[in-house]
Amino acid sequence: MPSAMEGSEGGEEGEILRYEETEDDNVSPTDLSELLKEGTKESHDRAENTQFVKDFLKGRIKKELFKLATVALYFTYSALEEEMDRNKDNPVFAPLYFPLELHRREALVKDLKYFYGEDWKEKIQCSEATQHYVDRIHHVGQHEPELLVAHAYTRYMGDLSGGQVLRKVAQRALKLPSTEEGIQFYMFDNISNAQQFKQLYRARMNALDLDKNSKERIVEEANRAFRFNMQVFDELDKIGRSLAEEAQDGGLPVHDGKGDLRKCPYYADKLGKAGPGCPCHAAVALAKQPLVQLILAACVAVAAGAAAWYIM
């Protein structure tokens, strides 16, 4: 579910997690925006080096994996925006409430309809790592609403920064339509100038009436948000390794037999409908194993020899 990863590659993909593109002479080291910037640098570095993010930035992203990442984003932003709506009049968060400009849930619904069809709700489920993230967001929104600032900052500022690089990578790598179908999540139609909006957002953060302890807790929560994101990335990376290359015609990917088929969220959904012993997937996965291929080759050789002897 990348949207704000700072890559170490050169060129366009090399500047991903730069929330603060320009220096602001009016900020103080004790301002919340500066504390977040400095206090999450290490998390930035770790997040950018997850295998999933590095592969994504290089354009090595399977369509099924991108779809699952979109599903994770849907559940994450549904929770975040539900709690933001709950706290829209709470002074500890109200100045950062920009539903028209920032909210992503409806855009993600459009993406899910594009990838899964009108019955998308019946085809998706919240993964284990994403559920941990969602649970934390709900806890914060209901019991420590001042910490919502950390989750909003981590997600939305990243979406407006590195997320725009990821949009281009995804569109190019997955050959998505130029009409932005499938990447609506990255489109902020109600923000005409992302840099100016980010400056406004940081100014609003710095104007919040927070004591030193509250600011420290927000920075700590932002680092926790990064950890949740990295756990989702790691989960997606494990799933990615279990998916073989996609069929050229865009058909279903074939599980390569590694790991437990039932633990893959995508296949778990399919198995729930087709039954745990899908003979097609089992046969293909079995046939892809090196030992089985060797045995089959030997059988073919024996059969060919017997046929030749019989003909003679």
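From the backbone N, Cα and C atoms, a Cβ is placed for every residue, glycine too.
Per TrEMBL, these features apply:
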| type | residues | note |
| --- | --- | --- |
| REGION | 1-30 | region 'Disordered' |
| BINDING | K37, H44, Y153, R202 | heme b binding site |
| TRANSMEM | 291-311 | transmembrane segment |
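As a whole number, the greatest separation of Cα atoms within the heme b-binding residue list K37, H44, Y153, R202 is 18 Å. Its Cβ placed at the centre, R202 (heme b binding site) has 22 other Cβ atoms within 10 Å.
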